[in-house]
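Some notes on the structure that comes next.
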């Protein structure tokens, strides 16, 4: 891939904190700590679910899928992020950037699908508990995970191919410390309408549908809970949804914020783009294990048991 027909390979430049380059090694410490918390937290969740046979249930199996997805997302952004902040290496080739972009978007699509599956899990558990084990069998859970994986790959795969067809002739400086489709696409100086249309189509068919179905699931859940006579049972039923609702908010709020910044924030401070990017790729993997460790008694007990033993 060359820049505007030149024989020189096309490179993109990642952005840290403009004007604070001399502080990048210090900024790297909290970023590295966030990565460490995300890796340890999701690794602990996976280890506990794998080791405890009592946790081999639909709710925890979906949680394990979420943890794997978050670990993969962390591994995708870690190399370029730490290279930039520790060693001030900004340049990344088109191929490496497109590959990273593909994994970030496909993993985000998978995470959205897993959160939808977890919403369905809560819907069945509360609305029809007697059929819970019959509906969410091991084979169906495995097929759901495979379907989310294939969906993420198939919907995102055209984006790096479409980016390769574009011509780049501007200063190829990205808005973030990692590569994203919207960011790379904006740097092209050729017609990018196909990229825009396909990107919108992919977002509506994945994140759009997922968010609507999650909302619909919770509307039915709330309706079912309101029909429960006992106030204590209502609270107990809703309490089982709190951790999942937190995970949904932790995922969708940064996603929506980053989308708004890319769409309407052309004149916003570069710091806004940078902070929203960090929030999008680091906050969900870091906070999800903490939320589930605090709210789910079985997970919390196993963590305390391992710390004491």
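Residue numbers in this text run from 1 along the chain shown.
Glycine is no exception: its Cβ is also placed from the backbone N, Cα and C atoms.
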Annotated range (TrEMBL: transmembrane segment) out of 26-49, 170-193: 26-49
Residues from the same chain, set at least six apart from the ends of the transmembrane segment (271-292), whose C-beta lies under 8 A from its own: 15-18, 31, 34-35, 37-38, 41-42, 44-45, 63, 66-67, 70-71, 73-74, 77, 104, 111, 175-178, 180, 243, 246-247, 250-251, 254-255, 257-258, 261-262, 265, 299
Sequence-remote partners of the transmembrane segment (102-125) [C-beta within less than 8 Å, at least six residues beyond its ends]: 58-59, 62-63, 65-66, 69-70, 72-73, 76-77, 131-132, 135-136, 144-145, 147-149, 151-153, 155-157, 159-160, 178-181, 206-207, 210-211, 213-214, 217-218, 220-221, 240-241, 244, 247-248, 251, 255, 281, 284
Same-chain residue ranges lying at least 6 outside the transmembrane segment (242-265) that approach it to Cβ under 8 Å: 66, 108, 111-112, 115, 118-119, 122, 180, 182-183, 203, 207, 211, 214, 218, 272-273, 276-277, 279-280, 283-284, 287-288, 291-292, 294-296
Distal contacts, the transmembrane segment (61-82) - CB-CB under 8 A, six or more residues away: 14, 28, 31-32, 35, 38-39, 42-43, 45-46, 49-50, 92, 100, 103-104, 107-108, 110-111, 114-115, 117-118, 121, 138, 141, 145, 148, 177-179, 247, 281-282, 284-285, 288-289, 292
